[in-house]
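The Mg(2+) binding site annotation in Swiss-Prot covers 80, 82, 84. The Zn(2+) binding site annotation in Swiss-Prot covers 81, 98, 105.
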């Protein structure tokens, strides 16, 4: 007998048992980051109201903010029309979601056209990462 919640049956995980998860600021709509979740991290997120992801590089649960203090309180979980992407509407503690010390991981914008285009940093570092991760 499974202890998995009934709603989990609607979630489509990939062959590795993962689903992409987009974290969005619940107040202003800014996209903060994209990460991955597995069944365990999604269930823990839903149960606790705190964002928990799956770290593909470390192969373990990543409780957002456990090292940096920049946890995400989840206001709402949404599932897309195909059931294969999760959207988390969150409050970002400390206003920093990115390991680079920025509010969002999407801090570079493509400027220019075609062959002359280049990625330009458009958002400032709010806190030196060396002061965040000790």
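Glycine too: its Cβ is placed from the backbone N, Cα and C atoms.
What you see is a predicted model, and the numbers here were worked out from it, not measured in a lab.
Everything Swiss-Prot records as a feature, shown here on the structure.
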{"residue": "80", "record": "Mg(2+) binding site", "DSSP class": "coil"}
{"residue": "98", "record": "Zn(2+) binding site", "DSSP class": "coil"}
{"residue": "105", "record": "Zn(2+) binding site", "DSSP class": "coil"}
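Recorded residues residue 82 (Mg(2+) binding site) and residue 105 (Zn(2+) binding site) have their alpha carbons 25 Å apart, per Cα-Cα distance. Counted over every protein chain shown, other Cβ atoms within 10 Å are most numerous around 80 among the binding-site residues 80, 82. Residue 105 (Zn(2+) binding site) sits 21 Å from residue 80 (Mg(2+) binding site), taking the C-alpha atoms as the reference points. Shown are the binding-site residues 81, 98, 105; of these, the residue with the fewest other Cβ atoms within 10 Å is 81.
Note: residue 84 (Mg(2+) binding site) has non-local neighbours 12, 13, 14, 19, 20, i.e. same-chain residues 6+ apart with C-beta under 8 A of its own C-beta.
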